[in-house]
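Undergrad: Can you read through this structure? Questions will come right after.
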Amino acid sequence: MSLFDHSVSELHTLLQKKEVSISDLVDESYRRIGEVEEKVQAFLTLNEEQARAKAKELDDQLAKGEETNPLFGLPIGIKDNIVTKGLRTTCAIKILYNFDPIYDATVMERLNAAGAITIGKLNMDEFAMGSSTENSGFQLTRNPWDLKRVPGGSSGGSAAAVAAGEVPFALGSDTGGSIRQPAAFCGVVGLKPTYGRVSRFGLVAFASSLDQIGPITRTVEDNAYLLQAIAGVDPMDSTSANVPVPNYVEALTGDIKGLKIAVPNEYLGEGVDEGVRQSVLAALAVLEKLGATWEEVSLPHSKYALATYYLLASSEASANLARFDGVRYGYRTDNAKNLIDMYKLTRSEGFGAEVKRRIMLGTFALSSGYYDAYYKKAQKVRTLIKRDFENVFERYDVIIGPTTPTPAFKIGEKTSDPLTMYANDILTIPVNLAGVPAISVPCGFVDGLPVGLQIIGKHFDESTVYRVAHAFEQATDYHKQKPVL
């Protein structure tokens, strides 16, 4: 039995009783990485020397009997688009291959203050643009459940590392499903918080009105502990919300009697794998037995979500990525004859194909002749999508459906057709456009591959999302299943 089969609260108890040391936990993480990393390839950069030094320092504090919190001394993996002072941050793209940040993201400051230990930085799609982690500029991460399949994306390294037992939990980011989709593919728990619940300061921006940092864990309770540590208003991020952060762990009562669930008919219709559909219906039956009721509803503008998202996200990416020019940091071409040449060649050599595709799409949507027809119209449709959610939430507590239309697909299966790749996020994207919280929890298997159940909540009501997810988790054992590597 691995130490990481224990929950956060169990590990905390073991540390308090001195049955294990923090150094033991760090050793276990690097031991497991040494055992499976060649197969999974989740990490881009390891932080071994600093992690072991911090473990020794925290062990000394523990020996003195100092008061500690639940995350104290626990190893964590960090998606490589969250800046870490003194630890290389690449966003999995060539143009930032040597970027060494001089400050920590706010979430890193909060994790460090809580005593968490950064094990390393995790692979992803370049600048978080992708649904399979195949767009990484450095390596291909594989799904621990089937090494011939993708782990999902863009937080594929984070989900794969947790599923493979390399770390007990990890941070990811979610712009259109990039936490929830890989969590579903890898059979772990992933939450996208409400937009503004977690500071984005220090998150390398893809689409600023959609991006949100969130936790990927083995269990719902662990997820709640991690969100508790990173949530809250931040003066360094003007979009972070000054909304009180409740005690998420206290919300895990297991009681969902009288809960009203909405199930959008758009989420179980055409394009959803039959095995996935049956897994979700079985999950709803479990929730019914626990005292909840569910009804079918409609989110009529969902069919426009994919087009709306790719216009808005690509437009924001076009603006955000203009700063990567080879002047101040990162890669700079050696082949330039003049300044303009340097800009062009640095970006063409430093960006991958998917990043270039989205910059082109965004620049086109923002151009003077097409701004009203594309970008402005997409913003109007986004408002309609948000209203759909608001209307449903007037009558129901949560919305439930599958996280993804299918289980994990094979490596290389969708790379030649970007539209089929984009369509894999069709059930997660509306949540980002509306800015509401959503979690993916394991709810079954299709041909030995995990299936995710998506539970969507009202703005800043992560507590109810967690309560429902935890009640379902405790009534099933899908979260206890582990891949064999």
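All residue numbers here begin at 1 and follow the chain in the order shown.
Backbone N, Cα and C define each Cβ position, glycine as well.
Checked Swiss-Prot, it gives:
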{"type": "ACT_SITE", "residues": "K79", "note": "active site, charge relay system"}
{"type": "ACT_SITE", "residues": "S154", "note": "active site, charge relay system"}
{"type": "ACT_SITE", "residues": "S178", "note": "active site, acyl-ester intermediate"}
Undergrad: Could you tally the C-beta atoms, other than its own, that fall within 10 angstroms of the C-beta of S154 (active site, charge relay system)?
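TA: So the Cβ neighbour count for S154 (active site, charge relay system) comes to 34.
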Undergrad: Tell me which residues of the chain lie with their Cβ under 8 angstroms from that of the residue listed as 'active site, acyl-ester intermediate', as long as they are six or more apart in sequence?
TA: D125, A128, S131, G153, S154, S155, G172
Undergrad: Using a 10 Å radius around its CB, how many other CB atoms surround K79 (active site, charge relay system)?
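TA: I count 32 other Cβ atoms within 10 Å of it.
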